[in-house]
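I have placed the structure first, in the form of structure tokens, so that the comments after it can refer back to it.
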Amino acid sequence: MMKKPVALIIMDGFGYNKDVKGNAIAESKTPNLDRIKKEYPNTLINASGLDVGLPDGQMGNSEVGHTNIGAGRIVYQDLTRITKSIKDGDFFTNKVLCEAMDNAKENSLHVMGLLSDGGVHSHIDHLKAIIKMAKDKGVQKVYVHAFTDGRDTDPQSALEYAKEVQASMDEIGVGEFATVSGRYYAMDRDKRWERVELAYNAMVRGIGEKANSIEEAIQNSYDDGKNDEFIMPTVIMKDDKPVGSIKENDSIIFFNFRPDRARQITRALVCEEFDGFKREDIKNFFVCLTEYDITIENVHIAFGPQSLANTLGEYLAKNGKTQLRAAETEKYAHVTFFFNGGVEEPNKGEERLLIPSPKVATYDLKPEMSAYELTDKALDKLGEDKFDFIVLNFANPDMVGHTGSIEAAIKAVETVDTCVGKLIDKIVELGGSAIITADHGNAEYMLDPETGKTVTAHSINPVPFIVVGQEYESAKLLDGGRLSDIAPTILDMMKLEKPEEMTGHSLISK
């Protein structure tokens, strides 16, 4: 008997916004999604703030979204967990952080990370807490290596953050900026080692662009037409010498909490086996605020991983179901590692399909990305009649939305519409069913209605939730859902009991 697959199609960064201006989704031609919405029940679900375990009003992101979707419960995110520990005071007695501070008394403390309150990869409040702790512990030499954002924040907001941290350091009485690098270099995740090398050279070798202050470095970049994301790695100088390069035995605290864009620069700084580029042979006391990758050695983890039992993937495997996880490079970790609750190993019966993302500087240059190739390969896999459950992510609305180009984002959305149409036709033909949704908003909110400025960050808008399949044509959906209700809905569609760890609910009205 042919399998009747249940598919979960995640249109990354595809939110709902009633305003049309600056809304690449509303401005796109989406005949397939329009038709599907007419034929099948659909609603909106929440994908930000408290609904996904983030602080109230905090925009969602892909890591958080996929973790909540796969877990079937609200997962309290590292941002919330760490911020709470600062408020409670536990942060300042954290064993690993204390050890780093003790080591730095004889040496120096380098604090590196994304200078942002975007809350996606890091939070500026965590940096301030580390500086305060250093002062309280008697550390004299504290150097900040700032990575500038411009993706999860306004494209030219780095000066504000730099001033805020400078004011904080002045008030606390310790700390100075040593280097500044755009996240494009310091936080690459696509093995573009030549980018990472520039950030490494600035921090360790004191080689790169030069400036007398972080403000000067940022302003030079703006004058050169480069926004925060693309600030060239720059060494801050004092008396013709770098303010503070990383030296043997220094302590380093990397205050990013999201792993994917923290891994490469960490590997460059700590791994003995490394072939990305030539490095200095130095050993340091290196702290990752959270676990970036279990395979990275020579690091200390300040906030270890939370374990999630019975995620959707694990539970389906226990029930003997086969599954396919499909995405292009940019979102591959999201449909595997994050969807599985931070577990790298595939479940029994879980196959993975990775399509390389195109090698372009920014995705507005190729808004189709690898969606067509991904769709063709996924259609082949559907034809194999071997999968009970399929998760597929289209990266386009998010990755192109981040570029700020509405024109390119429209192409991205229209590409996804075409691809979703093909997949749904095939799934329905097989007698299967599907949920079409998103992990967070982005492409629907690309202009600030008040200032008219380009927005490159995610949004706090709800996302679509469409249930497709012959037996659901006249079904009713519950309102007020959230991402953690998706897994229980899928189990409902697969006629499986929900495990007790899942606190979400099926959104199909009984």
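Here the Cβ of each residue, glycine as well, is placed from N, Cα and C on the backbone.
The Mn(2+) 2 site recorded in Swiss-Prot comprises ASP12, ASP439, HIS440 together with one of SER62, SER484, SER506, namely SER62. Between the candidates HIS300, HIS458, Swiss-Prot assigns the Mn(2+) 1 site shared with ASP398, HIS402 to HIS458.
Checked against SER62 (Mn(2+) 2 binding site), the binding-site residues HIS121, ARG261, ASP398, HIS402 differ in C-alpha distance, with ASP398 being the nearest. Looking at HIS121, HIS440, HIS458, the binding-site residues in this record, the fewest other C-beta atoms within 10 angstroms of the C-beta turn up around HIS121. Each residue contributes its Cα atom, and for HIS458 (Mn(2+) 1 binding site) and ASP439 (Mn(2+) 2 binding site) those atoms are 10 Å apart. Looking at ASP152, ASP398, ASP439, the binding-site residues in this record, the fewest other C-beta atoms within 10 angstroms of the C-beta turn up around ASP152. ARG189 (substrate binding site) and HIS402 (Mn(2+) 1 binding site) have their C-alpha atoms 15 Å apart, to the nearest angstrom. A Cα-Cα distance of 16 Å separates HIS121 (substrate binding site) from ASP398 (Mn(2+) 1 binding site).
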